[in-house]
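Now, the feature entries from TrEMBL:
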BINDING   Asn155, Asp215  Mg(2+) binding site
TRANSMEM  6-28  transmembrane segment
TRANSMEM  54-73  transmembrane segment
TRANSMEM  79-97  transmembrane segment
TRANSMEM  109-126  transmembrane segment
TRANSMEM  132-151  transmembrane segment
TRANSMEM  163-182  transmembrane segment
TRANSMEM  188-204  transmembrane segment
TRANSMEM  216-234  transmembrane segment
TRANSMEM  240-259  transmembrane segment
TRANSMEM  290-309  transmembrane segment
TRANSMEM  315-334  transmembrane segment
Amino acid sequence: MTLALTASSIVFLYFVPLFLSLALTYVIKNRLANTLQLDIPNDRSSHRIPTPRGGGLSFVIIYLIGLAIFFDLEAISTSTYIGLSIPLIMVGGIGYIDDKGHVPAKWRLLIHFLSASITAYILTPFTIPDTPPYYCVIVLILCTIYLAWLINLFNFMDGIDGIAAAEALTVILAMIIIHISISSYDTVAILIFLAGAVSGFLFFNISPAKIFMGDIGSGSLGIMLGGLTLYSLLSSSEIFIAWNIMMAAFITDATLTLLKRLINREKIFEAHNNHMYQRASRYFNSHMRVTFSVCIINLLWLLPVALLFTLNQISAPIAILVAYAPLIASFIYWR
């Protein structure tokens, strides 16, 4: 069942999680500061002041509550609820433990791939006509790798004030516009709710950040958005492509940086500050400027491209080329 969206329901769906997130993030921030659970700067850090880490717990809790409510209202099916919530608890849980102390990379990756496989198995469409049986297995494997990469991608890209939360928020807002523009309302209510939850956290995370989301927040954003991306495949491959157009800035930077480090035989699990956005923040001596630039790229460039594609004005190859080619060129320039 798709929830009916009126002006009042939209306001409710956005502002209730917004205020809850503001309150919960504030409480978590003070709690972490009082117990000295801080991110201490080092030579690879992009910040200079010890800052509470783990604030992403706020929007994770609120989103899980929202999913439970949507399930109770029969807005999402049992399988969808399980596919979106259980993997999120797994990723958020391992992130929470890592924020508290340290979890070896191999165990984090194991949980990431396990949670990704659960989401992919539940949400990937397996009834594909006129295809051999092994095709679905290949799709499942590819979707699992894709989801696991998104989880780690958001972790890699959460290196300066506000950037991961701002990326998530602008991508979510863009996807709401895209869904409405093609009269596809199946996930709009969930997206509005998630936008509110992330907005409340972003208030404290924007430069100069008073709290970081930590691994619990960054990894959870990856599985949240990745889960909704795969969920869109159940109804529209065009929406799936639109999601990946909207996330082009993060996908390009994280993927090309990883490839560059592999080529240079660097330790890919070792912390560094060589992403394009980190180099740009050092060049401009500003976190806010880079974060704001990502928002502008998403809303004034990638959103029009994604809209033109979903409205059948341009083909998928053209849309992907227009979205990614300039970003790849920018990466080469900032290398």
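Every residue gets a Cβ built from N, Cα and C, even glycine.
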Non-local residues, at least 6 beyond the ends, that sit with Cβ under 8 Å of the transmembrane segment (163-182): 154, 157, 188, 191-192, 194-195, 198-199, 201-202, 205-206, 213, 217-218, 221, 224-225, 228, 236, 238-239, 242-243, 246-247, 249-250, 277, 287, 290-292, 294-295, 298-299, 302-303, 306-307, 310-311
Stretch in 54-73, 79-97, 216-234, 290-309 most in contact with the transmembrane segment (6-28), if contact is a CB pair under 8 A: 54-73
Selected stretch (most C-beta pairs under 8 A with the transmembrane segment (290-309)) from 132-151, 188-204, 216-234, 240-259, 315-334: 240-259
Other parts of the chain folded back onto the transmembrane segment (315-334), taken as Cβ under 8 Å at six or more residues beyond its ends: 238, 241, 244-245, 248-249, 252-253, 256-257, 276, 279-280, 283, 297, 301-302, 305-306, 308-309
Interface check, the transmembrane segment (79-97) with the transmembrane segment (216-234), three or more C-beta pairs under 8 A: yes
Chain residues outside the transmembrane segment (188-204) and at least six past its termini with a C-beta under 8 angstroms from it: 2-3, 5, 9-10, 13-26, 29, 55-56, 58-59, 62-63, 66-67, 70, 75-76, 162, 165-166, 168-169, 172-173, 175-176, 179-180, 210-211, 213, 217, 221, 224, 228
Coarse DSSP state, helix versus strand versus coil, of Asn155 (Mg(2+) binding site): helix
Residue numbers, six or more beyond the limits of the transmembrane segment (109-126), whose CB comes under 8 Å of its CB atoms: 79-80, 82-84, 86-88, 90-91, 93-94, 136, 139-140, 143-148, 151-152, 219, 223, 226-227, 230-231, 233-234
Positions whose Cβ lies under 8 angstroms from the transmembrane segment (54-73), at least six residues beyond its ends: 1, 3, 17, 20-21, 24-25, 28-29, 32, 37, 81, 84-85, 88-89, 92, 95-96, 99-100, 189-190, 193-194, 197-198, 200-201, 204-205, 211-214, 216-218, 220-221, 224
